[in-house]
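Data first, discussion second: the structure below is written as structure tokens.
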Amino acid sequence: MLDRQQLTRNGPASAFLLAIIFLALSLAHYDPSDPPGHSTEPVRTSPANPCGPVGAALAHLLFTSVGWTSMLVVVGLAALDLLWFARRPVTEKVGPLAGFALLTAVTAAFVHKYGRELDPRPLVGSGGYLGALAVAFFEGQFGLLGMLLILAASGLVGLSLCAEPLFVWPFQEIVRVLGLKTRRKQAAEPEPVPVANPAMLMPGNFALMDTTTRVAPIASRAALTRPSSPEEVIPDAAARGLNQPNVTKPAVASLSTPIPTAPSGGEYQLPPLELLEPLPSYPIHEHEAKINARALLVERTLLDFGYKVRVVQIDTGPVITQFEIELEAGLRVSRIISLADDLAIAMAVPSVRIVAPIPGKTTVGIEVPNELRAMVKLGEVVTEIHNRNDKLKIPLFLGKDVKGAPLAFDLADMPHLLIAGRTGTGKSVCLNAMILSILMTKRPDEVKLILIDPKMVELSQFKKIPHLMHPVVTDMKKAESLLSWACDKMDERYGYLARAGVRNIQTYNQLGADEIYSRLRPEDDEEMARIPTYMPYIVIIADEMADLMMTAAKEVESHIVRLAQKARAVGMHLIVATQKPTVDVITGLIKGNLPARIAFQVASRGDSRVVLDEMGADKLLGNGDMLFLFPGTSHIVRAQGTYVSDAEVNRVCQYLEQFPAEYSRELVQMQVGGGPGGKERGAALKERDELYEPAIEIIIREGRGSCSLLQRALGIGYGRAARLIDFMAEDGIVGEFKSGSAREVLYSWDEWEALKNGGEVSANSV
């Protein structure tokens, strides 16, 4: 969009505009008698054209060449100058020029044939020499009808080649400028301000329009079913020219909407989108004007340093705009990177980030903060990709990228996520958005959550949701025990998968109960009742990993590494966050096993390297501005994180509280410092597990070494029972594993009593 600042800065385009005006005035006063014309006797020595001899000569040249079609030439030149003013990139130049030349020739032929009465006209005719030659050739060779068909076809081809850049776009631009002036005039008129909904504030203290802006209705959401196939959604919105921010507003209810009531039958229903807040209005046209002005400023600033570049594409997102620049031949990328601070000063912005080069392109990206910042709401992102929600097993709606395209990923494919950023940069809001992403799309029987909240206030609003396996954990000793239990649960699930002959939880869940029982062959009904016929996904979310590491660094690191290495196939996933991105918290082992990472603003370049292995996070703006590292790659995407307010979280949680929570009895009854998650757990389980000797006595008394027997008798999980059996095999209490039958017991009760009285059970005493 054009503005006054562009007009004053673009000197060459302004000079070209004056030349076009001069040419138009010369053509308007064309007289065949003016020299160099000689259509009258005696020959006129001085031209009557007010533009003087130069104007008369130009008019004579054009009218003699193309006749009255010279007016079309003026229109084409004006459209070209408008493109120059707006700095609109035109990737294809030969096609529009060839099309315009063809259209000019066809128009000259038609004017020569059917515009003979036009006056004034040159001696050769109203279409000039070009029109006369075209008519003479085509009419002589193809006749009148053939000539008309050829000219019509040629005119359509020429028009199709040059219509968009030379005619359609300039017309739309003029209409938009006139419409913007009308809207500004209407906006200047005073209107009554509603009292019920005050204006909201975006992150960055930018006041938005009133929230009573009309929104379009959307279709109601269908009930989501269990996902059947994995799919990672990585949207890519390729843009040409200026890619405007996406301002689609989901149709959600106002803040005063009452919480919907759960169905009387007790059947679980997903929370409705109406619980989320609407998207505020955004002054997109004013934003576009400022973006175009900044594109010129980028070119001018780099030119001041002696570097000639050209902005070839502008991608504008909610918070930042990326200018793609094309470097002149021989210019090193490193020289542009070193000017980041100088560009920030020239544009009066806090920081500028340079992406060199843009992956898959030959251009360099310059990311500049927007003067007008937009908010990315969860309801907006969910609405834009709601057709693909069913394909995501554990959906995470992260926000929008620099092109305004929504970012949605499947945690099951990541499969674990590390989040880091200093206090107040949007880390906790991001965690809330991720949890709501799961709650809005998945039922409690599909995804289970374990929430660890050292601060005791960040995740407390989720304490009554039905997805929890355990109340929100605030004791770090209990949290370490839960991580240890998760490792045991992982081993237990792997045991079931191995016995069922499948490789992952998706295949296991598709087998069905009958097929699972036939493959696992339980010994009795009690063991059959213990076998899960469907395994839900388990997501462990820790809000502050630094507190966990302070409690038991080695144990926590060991648990996280084990889960990160093996838990994906059994449907267990980690999301850990920290506001202290240092090497003592994010150790090399932890970082190496958490390939997907999100970095919010950090304090230093060193902290950025700890999280992302490269700099850049220290240049972020805060308030949800983040860098996302794709799992398994070095490709980093800048995005604006999804914002959810406390009111949205409370409404969704109040709706979910209508459904009863089903905690895991094994987790609730687990004691800190003992059992599967206690500190006595270690390599020498035979000396540290208080259940080892009772387990031996049960096995010897029953005469068979069975994991299911220990599970029933001791009330423990499969993983712990299997390890007890393995240690008994090492100590010679039971024999080796036999497929389809229990292990052989090698001791009688009397021998065991004698061994106990004589000393510790060991391999040497057998």
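Each Cβ is built from the backbone N, Cα and C atoms, and glycine gets one as well.
It is 121-138, from the ranges 121-138, 193-210, 427-444, 481-498, that TrEMBL records as transmembrane segment. Annotated by TrEMBL as transmembrane segment, the relevant range among 97-115, 534-552 is 97-115. The secondary structure of Ser428 (ATP binding site), as reduced to three states from DSSP, is helical. Shown in sequence order, Gln579, Phe600, Gln601, Gly622 are the same-chain residues outside Gly421, Arg422, Thr423, Gly424, Thr425, Gly426, Lys427, Ser428 whose Cβ sits within 8 Å of the Cβ centre of the ATP site. Sequence-distant contacts of the transmembrane segment (12-30) (same chain, six or more residues past either end, CB-CB distance under 8 Å): 48-51, 54-56, 58-60, 62-63, 70-71, 74, 77-78, 81, 84-85, 120. Taking a C-beta cut-off of under 8 Å and a sequence gap of six or more, Thr425 (ATP binding site) has these contacts in its own chain: Phe600, Gln601, Leu620, Gly622, Asn623, Gly624, Asp625. Of the binding-site residues Gly421, Gly424, Gly426, Gly421 has the largest number of other Cβ atoms within 10 Å of its own Cβ. Away from its own ends, the transmembrane segment (66-85) comes close to residues 2, 6-7, 10, 12-13, 16-17, 20, 23-24, 27, 59, 100, 103-104, 107-108, 111-112, 115, 118, 121-122, 124-128, 130-131, 162, 165-167, 169-170, 173 of its chain (Cβ-Cβ under 8 Å, at least six residues beyond either end). Of the listed binding-site residues Thr423, Ser428, the Cβ environment within 10 Å is emptiest of other Cβ atoms at Thr423.
There are 26 other Cβ atoms within 10 Å of the Cβ belonging to Lys427 (ATP binding site).
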